[in-house]
């Protein structure tokens, strides 16, 4: 659907970390380095996160490791997968479970505001006021954290839900 395609294009732009119009290994490197630097990860922890992020990019974004992917290719890949394969939802669930498991560096199964800001910054989204708005849309609890499952489910809905009448927290965040 046009609505879903519009959201996939937003997702593509969010992955184009260096904002050059193409997703390539440079985007992977920049996101991994920013993420480990922001979290001040060193040694084995840094290496582990970088390996896990590389695996995520290769499995769910490039499909062919080390390749470049245009917005058109990205949208076509998702569209083809969505149309032919009822396992699309399961694939996207695995996709977001994997990346948010990496992002949840302290493994407490929740995301606090700083983790959220760092994750967005690692993907080239430096506008902190927009990121704070996005976090607020997820309705943090009294400890100012959001369950990891809530964040993952919001992203899954963003890339799989065709119903434009439903509130889409991630789409709203990117458009704010």
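Just so you know, the numbers here start at 1 and follow the chain as drawn.
Glycine residues also receive a Cβ, built from the backbone N, Cα and C atoms like all the rest.
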According to Swiss-Prot, 16, 18, 20 bind Ca(2+) 1; which one of 27, 33 is listed for that same site?
27
Intrachain residues whose Cβ lies under 8 Å of the domain 'EF-hand 3' (91-126), provided they are six or more past its termini:
14-19, 30-32, 34-35, 38-39, 41, 45, 49, 52-53, 55-56, 59-60, 81, 85, 132, 134-135, 140, 143-149, 151-152, 155-156, 159-160
Fewest other Cβ atoms within 10 Å: which of the binding-site residues 104, 115 wins that one? Let me know.
104
In which DSSP state, out of helix, strand and coil, do we find residue 27 (Ca(2+) 1 binding site)?
helix
Could you tell me which of these binding-site residues, 16, 20, 106, 108, has the greatest number of Cβ atoms within 10 Å of its own Cβ?
16
